[in-house]
Amino acid sequence: MGSLSEPTPESNYSKPPGIRFLEYIKGTKLSYKTHQAIVLIVTFLAYASYHATRKATSIVKSTLDPESSYVGLKFTPWRTSYSEEPAKLSWKAGDGWAPFNGPDGTALLGELDVAFLGVYALGMYFSGQLGDRLDLRIFLTVGMVGTGLFTSLFGVGYFGNIHSFWYFLVVQMVAGLFQSTGWPSVVAVVGNWFGKSKRGLIMGIWNAHTSIGNITGSLIASALLSYGWGWSFVVPGLMIVFIGLVVFLILPVNPESVGTDKETDELHSPKKIDEGETEPLLNSKTVVKEKAVGFITAWKIPGVAPFALCLFFAKLVAYTFLYWLPFYITHTAIDGKYLSSTAAGDLSTLFDVGGVLGGILAGHISDRLGARAITAASFMYCAIPALFFYRSYGHISLTVNIILMFITGMFVNGPYALITTAVSADLGTHSSLEGNSRALATVTAIIDGTGSVGAAIGPLITGYISSTSWSAVFTMLMAAALIAGLLLTRLVVAEVAAKIEESRSQGGSASRSPVQALEV
């Protein structure tokens, strides 16, 4: 460590041109809280746009493959049988789109999902390592522009009358690679700007971008189906490119990149830029350029492995709903009637509305209890009866379907949101790292990358077994939710032991943080 008189080590990051412009117009430096607000808004929009592009595939499934689940309707459900035929669901004469309108269409769509998510999961591990070594603003911008390009290219298949399965497969795989840049980057940026005291609540609210993105993507894709399914991909693709340019112009990666810190901002009033005042330096410990944490080292951080494996099964459940819920709705009679692709897409957004509430509740509860593992495991266990009731009684009426879908979304997305945000940020700044903050993207990538393997497997299996029995699909989802909860058992026991020890201790010592509990 050098003294304050030594030159400041070179930073990996540069001040965004948009921030420079705002400071020029204002004539003063932006405050720490202003930067925090910019970070929350820009990263929220960025990741919402990622999910909006992903959602298009699930909405268009029933248009590409309108006939496939006549086979799927022959299963014996837990409670009811259906008498009415499903309506033609495609945008044009019910013929679908080759090669997805054949007898193996559902399986082919499942293979597209696993190709996308498989590359996404693999790319996540590399993206985390790159994110801790490169300028996250540039890295995120490239990822968003690439995602927009290849999302649009999938829609070009409609305009170009392309019917090659390999074309759609390759486009989805490259799109998955670019998509993998998003999550490690945005979590690392938010983690750089916010402390741990209310991280669960802040990130629970912030994580609504996942559900908002899904809802927005669903509504846009559904609204554009009547003009041709290609527009359902092209428009979200253009949206994410635009927001990517906003990220490039204005996103501050960390306090160091804009020459500010919270303590300096609170102690000193802003100085005029043209007064020749040197931008405030961070203390010497923070200014020193840290070495990024290695992949194996990040895996060894206490709590990373169990939370990563838990997320494997949690995302298996969540992404099966993400990719197949509209398809399931169009092929399930609700009050004896079948909904169109557009109506099913709109209805499916209520799952994500429940997810918004679930993410906020999980974050808030985990902050109040100081127990991330207990909260995540409890939500996963509650998801089991929610899945059962939605499958068993969702057909009774539209109102019952909406209520049960909302509840299911709340319990399924709650722990998913908590683990991928607050838990990842906690572990990325774990005490075993001895103050090294250059692990956020790597830890986030490990946890979400492992979860994304499950996210790939769930939709793939669903593509095959849904043509025989949707009941089997829901049984698989309930089993996955159970395993996800059980994988956190050791951490739950550790947190309970920590709470008991805390209650027995004398002298009113401060509560242990969620991360400290993981060290037990």
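One-based numbering along the chain as shown.
Every residue, even glycine, has its Cβ placed from backbone N, Cα and C.
The annotation transmembrane segment is assigned in TrEMBL to 30-50 (among others).
According to TrEMBL, the feature domain 'Major facilitator superfamily (MFS) profile' maps to 41-497.
A Cβ distance under 8 Å defines the sequence-distant neighbours of the transmembrane segment (107-126), meaning residues of its chain 6+ beyond its ends; these are 57, 61, 64-65, 99-100, 165, 168-169, 172-177, 179-181, 183-184, 295, 319, 323, 445-446, 448-450, 452-453, 455-457, 459-464, 467. According to TrEMBL, the feature transmembrane segment maps to 107-126 (among others).
What TrEMBL lists as transmembrane segment is 138-159 (among others).
What TrEMBL records for 165-194 (among others) is transmembrane segment.
According to TrEMBL, the feature transmembrane segment maps to 206-227 (among others).
The feature transmembrane segment is assigned by TrEMBL to 233-253 (among others).
For the transmembrane segment (304-326), the list of distant contacts is 54-55, 57-59, 61-62, 113, 117, 214, 218, 298, 341, 344-345, 347-348, 351, 373, 376-377, 380, 383, 387, 408-409, 412-413, 415-416, 419-420, 423-424, 427, 443, 446-448, 450-459, 462-463, 466, 473, 477, 480-481, 483-485, 487-488, 490-491: same-chain residues at least six beyond its ends, Cβ to Cβ under 8 Å. Here TrEMBL flags 304-326 (among others) as transmembrane segment.
Counting same-chain residues at least six beyond the ends of the transmembrane segment (338-362), those with a Cβ under 8 angstroms from any Cβ of the stretch are 58-59, 62-63, 84-87, 89-91, 200-201, 204-205, 207-208, 210-212, 214-215, 218-219, 221-223, 225-226, 321, 325-327, 329-332, 375-376, 379, 398, 401-402, 405-418, 421. The feature transmembrane segment is assigned by TrEMBL to 338-362 (among others).
TrEMBL lists 369-390 (among others) with the feature transmembrane segment.
According to TrEMBL, the feature transmembrane segment maps to 396-419 (among others).
Taken from TrEMBL, the feature transmembrane segment applies to 471-493 (among others).
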Stretch-averaged pLDDT - the domain 'Major facilitator superfamily (MFS) profile' (41-497): 80
Criterion met for the transmembrane segment (233-253) and the transmembrane segment (396-419) (at least three Cβ pairs under 8 Å): no
Recorded stretches the transmembrane segment (396-419) and the transmembrane segment (206-227) touching, at least 3 CB pairs under 8 Å: yes
Positions on the same chain near the transmembrane segment (206-227), where near means CB under 8 A and six or more residues out: 40, 43-56, 58-60, 63, 91, 190, 233, 235-236, 322, 326, 341-342, 345-346, 348-349, 352-353, 355-356, 359-360, 363, 409, 413, 417, 420-421
Positions whose Cβ lies under 8 angstroms from the transmembrane segment (369-390), at least six residues beyond its ends: 200, 303, 306-307, 310, 314, 317, 358, 362, 401, 404-405, 407-408, 410-412, 414-415, 418-419, 422-423, 426, 474, 477-478, 481-482, 484-485, 488-489, 491-492, 494-496, 499, 511-514, 517-518
